[in-house]
C-alpha cells in the first residue's frame, strides 16, 4: 500500500473523550501533522505492528481489538496500551526520546510541539 504524504494529520478518533478540567468538560488536543517521508527510514512494522500478521494490510490503530479504547488517560489507565492516546504517545515519544538520548536527529517530545494544528 502507498504511504500517506507529508500532509497526513493524526487526529483524535470520533468518539474520543476529553479529560475533564475539574468540574468542567475538557477539550481534545490539537491535531498532529505527521511528516511521513521523514519516517521512511523506520521499518513500517515498527509503527504498524500488525502489518505482517495482517498480510501487509495497514489497519487503523483504533481497529477493534487493537487500540480501541477512547477513554481519556488518567492514573488508573495510564499504562493501558488499549487507549489510543497511550499507543501513539508511547510509540512516538519513546522513539523520539531514544533518538535524542543517542544524539541523533529526532522529532519533538513536548505536547505543544506535536499538537500544533486544528
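Heads up, the Cβ atoms here are built off N, Cα and C, so glycines get one too.
Taken from Swiss-Prot, the feature heme c 1 binding site applies to 36, 44, 47, 48. Annotation comment: Swiss-Prot describes 39, 92, 95, 96 as heme c 3 binding site. Per Swiss-Prot, heme c 2 binding site is recorded for 49, 61, 66, 67. The heme c 4 binding site annotation in Swiss-Prot covers 89, 111, 114, 115. Summarising the annotation, Swiss-Prot assigns region 'Disordered' to 1-28.
Other residues of the same chain near the heme c 4 site, with their Cβ within 8 Å of the Cβ centroid of 89, 111, 114, 115, are 29, 32, 92, 93, 108, 110, 112, 113.
Fewest Cβ neighbours within 10 Å among the binding-site residues 44, 47, 61, 66, 111: this applies to 111.
A 10 Å radius around the C-alpha of residue 48 (heme c 1 binding site) takes in these binding-site residues out of 61, 95, 115, in sequence order: 61. Report note: the heme c 2 site is defined by 49, 61, 66, 67, and the residues of the same chain whose CB lies within 8 Å of the CB centroid of those residues, excluding them, are 50, 59, 60, 62, 63, 84, 87. Minimal Cβ crowding within 10 Å, among the binding-site residues 49, 67, 96, is found at 49.
Residue 36 (heme c 1 binding site) and residue 92 (heme c 3 binding site) are 13 Å apart (CA-CA, integer value).
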